[in-house]
C-alpha cells in the first residue's frame, strides 16, 4: 500500500463530478451499496481508507449520466425500462467483484474499471433512450412518464408537435366497407388520452359527429355515393385538448366488374365427379350418324373450369393421410388374421392330441386281452394234458 495505492485513489477521485444520481434512484442499487460498505469493505481494505473509498464510489455513481460530448445533451431523465437495464448491469458487475474476493490494490483497480465501464453503459442507454424512445411522435401532443434523476421523481413530460397529422386519401368500391383508421404508433404509450371522435365534414365546413369512443377505428358497411367526401378524426386528452387530428378524403368508386364474379359455366368439384353428357339437337328430317355412339362437335362440350385450384401441399398432405389410414387398416387386418390362424392351428393340435390318447389306451387294452387269452389257452392245454394222462392210467389198470 505505498505510493502506487495512493495514485489509484487519486485516479478514482479524478472521475468524480457532481451530477444527477439517476442509477441511485433504484432502491436495489442503494441497498447493494450499503451492503458493500458494511460487509465487504471491512474485510478487504484498511479501515483508514475505507470511508474515503466509499465516499468516492458514491460520487462516481452519482455522476452517471453526465455527457461530455457537445453534440449529446442529456435531458436528466429516463424511463423505467432504461433505468431497469442500467440497474441490472450495475448490480451484476458489483456482484462479480464481491464474488472474486479481491483485496488491496487489485481490488481498487477492478473497482475503478467497473465504475467507468458502468458509467459508459448508462450513458449509451441514455443516448439510445433520447433518440428512440423520448418523444417518438412526429405530430400531435404526447405525454410520457419519465424519472427525473435529480430528485428521483416521476413526472409527465409533454412532447408538443403539430396537431395536424395530415390527410389520408381512401378509395373504396360501392357496396364495400369503409374503414377509417385513427390509430398512431405512439398512442398506446402516451398518457392522458381519452376518446376518439369521428366527424363528417360538409362542403360548408360544418361537421356532424358520427361516432365517439375508445376504439380508434370507424367502420361503415355497404357504402354508396352519398358516403364520399371529407371526414375528420380527433383524439382528445384529459386536459380537454386535442392530441391528434387526422383528415380523410374518401372516394367511392363504381362497383367491381361482374366478370370478377363467378361465371355461370363454372362448376364445383362435386359436380365434376358426376359429369353430364350433352347431346346436340338433331335438325328435323335428319338422323344422327350413330344412335349408339353419337359423336359431338368439340364446341358443344361444356367447358369445365374448377372453381379453386388445389394447393399442391394440401393435395400431398391428403394423399399422405390416405396412405397412413390404409396402412393402419392393413396392419389391423393382418393382426386379426394372424390371431385367427393361431387359434385355428392350436385347435387342430389339441384335437390331434385327443385322438392319440384313445388309440394308445385301446392298444394297451388289446395287448392285455391277448395276454389273458394266451394264459387261458395255456391253462386249458395243461388241463387237457392232465386229463389224457389220467385216462391212460385208468385204461392200463
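In case you wondered, yes, glycine gets a Cβ from its N, Cα and C as well.
Now, the feature entries from Swiss-Prot:
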COMPBIAS  360-373  compositional bias 'Polar residues'
DOMAIN    167-251  domain 'Ig-like C2-type'
MOD_RES   379  phosphoserine
REGION    148-160  region 'Important for interaction with IZUMO1R'
REGION    271-292  region 'Disordered'
REGION    351-397  region 'Disordered'
SIGNAL    1-21  signal peptide
TRANSMEM  320-340  transmembrane segment
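Beyond the ends of the region 'Important for interaction with IZUMO1R' (148-160), by six or more residues, the same chain brings 20-22, 24-25, 65, 76-78, 134-135, 137, 141-142, 191-192 to within a C-beta distance below 8 angstroms of the stretch.
Cβ atoms under 8 Å from those of the transmembrane segment (320-340) belong to no residue of the same chain, restricted to positions at least 6 beyond its ends.
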